[in-house]
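**Student:** First the structure, then my questions, so here it is.
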Amino acid sequence: MMSNDIFPNKFKAALAAQRIQIGCWSALANPISTEVLGLAGFDWLVLDGEHAPNDISTFIPQLMALKGSASAPVVRVPTNEPVIIKRLLDIGFYNFLIPFVETEEEAVRAVASTRYPPEGIRGVSVSHRANMFGTVPDYFAQSNKNITILVQIESQQGVDNVDAIAATEGVDGIFVGPSDLAAALGHLGNASHPEVQKTIQHIFARAKAHGKPCGILAPVEADARRYLEWGATFVAVGSDLGVFRSATQKLADAFKK
């Protein structure tokens with residue numbers, strides 16, 4: 001029997017303690033690039049299932065690639081749907097980023113999808129990758145309290161309901177989706193617009209008022225540092241796709257121009 005090194009969830013504990021967590025977005029859907037990210041020293045990595053070409057078959061090798069990494073894998077699910085979340089739990093994810101949460105009811109649904117009864121509605125399989133195929137004896141006793149739920153606020157309705165969402169039991173943090181939020185506020189492609197920035201600051205303040213850490217994606221260093229000053233706890237400061245695109249263009253330009 002293998003030793004159980006999956007509990008407690010250190011990322012969840014770090015968020016609860018309001019310790020700064022610096023992360024990176026993983027969008028290339030490739031185990032090699034994900035493994036490289038896992039060697040860099042980030043506290044957490046988002047494996048994107050909403051906008052990146054990921055599915056169960058691509059997530060599993062990426063989780064394997066991060067097995068020895070100190071970086072906590074966080075999966076952004078394609079949608080807030082219990083069956084999708086159940087399958088991602090079963091393959092070994094413990095940290096979830098739920099996109100486009102607009103109401104308290106949607107936040108409650110997200111939490112319930114990750115919990116076994118009676119606390120939730122997660123379906124039960126006795127042998128899967130997450131419990132090392134039945135070799136973790138305390139898995140069912142430990143699972144519910146070791147799942148991290150981060151919900152994204154990225155619409156006007158979400159902003160309007162941020163207090164109720166942040167107060168939802170089982171929600172571990174509030175994450176701002178700056179691009180969709182900008183679009184919702186009428187500033188598509190311009191997350192730096194003053195109205196968007198003011199709204200981000202408001203979301204951070206409301207999350208803090210409920211004792212919940214807040215996070216954001218900020219690939220521009222000046223933005224990331226400003227959000228940290230505003231009280232953000234978990235910030236993704238770049239993406240593998242962005243770094244790769246920028247570095248390859250810079251290399252080509254050095255010789256072609």
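Note that Cβ sites are derived from N, Cα and C of the backbone, with glycine treated the same way.
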**Student:** In Swiss-Prot, the residues SER179, ASP180 are said to bind substrate. Which of GLN142, GLN152, GLN249 is said to bind at that same site?
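**Tutor:** Within the candidate list, Swiss-Prot flags GLN152.
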**Student:** In whole Å, note down how far the CA of ARG76 (site 'Transition state stabilizer') lies from the CA of ASP180 (substrate binding site).
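**Tutor:** Given the Cα positions, ASP180 (substrate binding site) is 15 Å from ARG76 (site 'Transition state stabilizer').
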**Student:** For GLN152 (substrate binding site), which residues of its chain lie six or more apart in sequence with Cβ-Cβ distance below 8 Å?
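**Tutor:** For GLN152 (substrate binding site), the qualifying residues are LEU97, ILE98, PRO99, PHE100, VAL101, GLY158, PHE175, VAL176, GLY177.
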**Student:** What is the Cβ neighbour count of SER179 (substrate binding site) at a 10 Å cut-off, with all protein chains included?
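**Tutor:** Its Cβ shell of radius 10 Å holds 16 other Cβ atoms.
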**Student:** From the recorded positions ARG76, ASP90, SER179, pick the residue whose C-alpha lies nearest to the C-alpha of GLU154 (Mg(2+) binding site).
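**Tutor:** With Cα distances computed to GLU154 (Mg(2+) binding site), the winner among ARG76, ASP90, SER179 is SER179.
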**Student:** Nearest by CA distance to ARG76 (site 'Transition state stabilizer'): which of the recorded positions is it, out of HIS51, ASP90, SER179?
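**Tutor:** Answer for the nearest of the recorded positions: HIS51.
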**Student:** Determine the most Cβ-crowded residue among the recorded positions HIS51, ARG76, using a 10 Å radius around each Cβ and all protein chains in the structure.
**Tutor:** ARG76
